[in-house]
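Here's what Swiss-Prot has on this protein:
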- 21-40: transmembrane segment (TRANSMEM)
- 52-72: transmembrane segment (TRANSMEM)
- 77-97: transmembrane segment (TRANSMEM)
- 110-130: transmembrane segment (TRANSMEM)
- 139-159: transmembrane segment (TRANSMEM)
- 182-202: transmembrane segment (TRANSMEM)
- 206-226: transmembrane segment (TRANSMEM)
- 233-253: transmembrane segment (TRANSMEM)
């Protein structure tokens, strides 16, 4: 009996560490995909979302925070720094007005950014640590969970009001309109769980099971988004990487919620 409990605990710790790895490496992929995206825009004489001098500082801060988080050095502080860096860069890109996106694409982009910020706040609370030396900050974790709830509300909203998202689900998931409504209800229920703070572990477990097929069939269908909906290739790859980071957050909360 004791060996079964020990093996189960070991497995949960291993899965939790996997979630931490996916989340802490997310900024590396974000910086790489942004560099590739802005290189493509430079060839077409188009501007990046953030002016170039500030862009280098922004990416430097992201890589610095991601490096320390990955090595587990002052992870809580650098997770908080990563959340702040991402919030500032997103705000700067939004008010800069250098690139204009469609409303449906803004919802996809900014909702994922909000979820990643929430993931960093969850990490800054002390969740996902194998050997916790300090007590967990429940306020930071609750705030991160609220951000995840906001992301899920945006996904549910897109399923009802964005024809681009609806077609992505209709074309690549069986069940047609009924499946869309089931996903809408499921996203809404999960959002309520994260926003209220009740049944968070169960909601995170469901989300961790739900996200991989959605990432594979919806976000991973680059041909649909790039060729049909004219989303820039590396922008879609960045969104896909953020979905992986959100999955990592769900895994952390599912195993250490």
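Cβ atoms are placed via backbone N, Cα and C, with glycine included.
Owing to the predicted nature of the structure, the values given are computational and were not obtained by experimental measurement.
Contact counts against the transmembrane segment (21-40), taken as Cβ pairs under 8 Å, peak for 110-130 among the stretches 77-97, 110-130, 139-159, 206-226. Long-range Cβ contacts of the transmembrane segment (233-253) within its own chain (Cβ-Cβ under 8 Å, at least 6 residues beyond either end) map to 15-16, 18-23, 26, 29-30, 33-34, 36-37, 40, 108-109, 112-113, 115-116, 118-119, 122-123, 127-128, 144-145, 148, 151, 200-201, 204-205, 207-208, 211-212, 214-215, 219-220, 222, 225-226. Non-local neighbours of the transmembrane segment (139-159) in the same chain are 80, 104, 107-108, 110-112, 114-115, 117-127, 165-166, 169, 180, 183-184, 187-188, 190-195, 197, 200, 207, 246, 249-250, 253; each lies 6+ residues outside the stretch with a CB under 8 Å from one of its CB atoms.
Using a Cβ-Cβ cut-off under 8 Å and counting only residues 6 or more beyond its ends in the same chain, the transmembrane segment (52-72) has close neighbours at 21, 24-28, 30-31, 34-35, 38, 78-79, 81-82, 85-86, 88-89, 92, 123.
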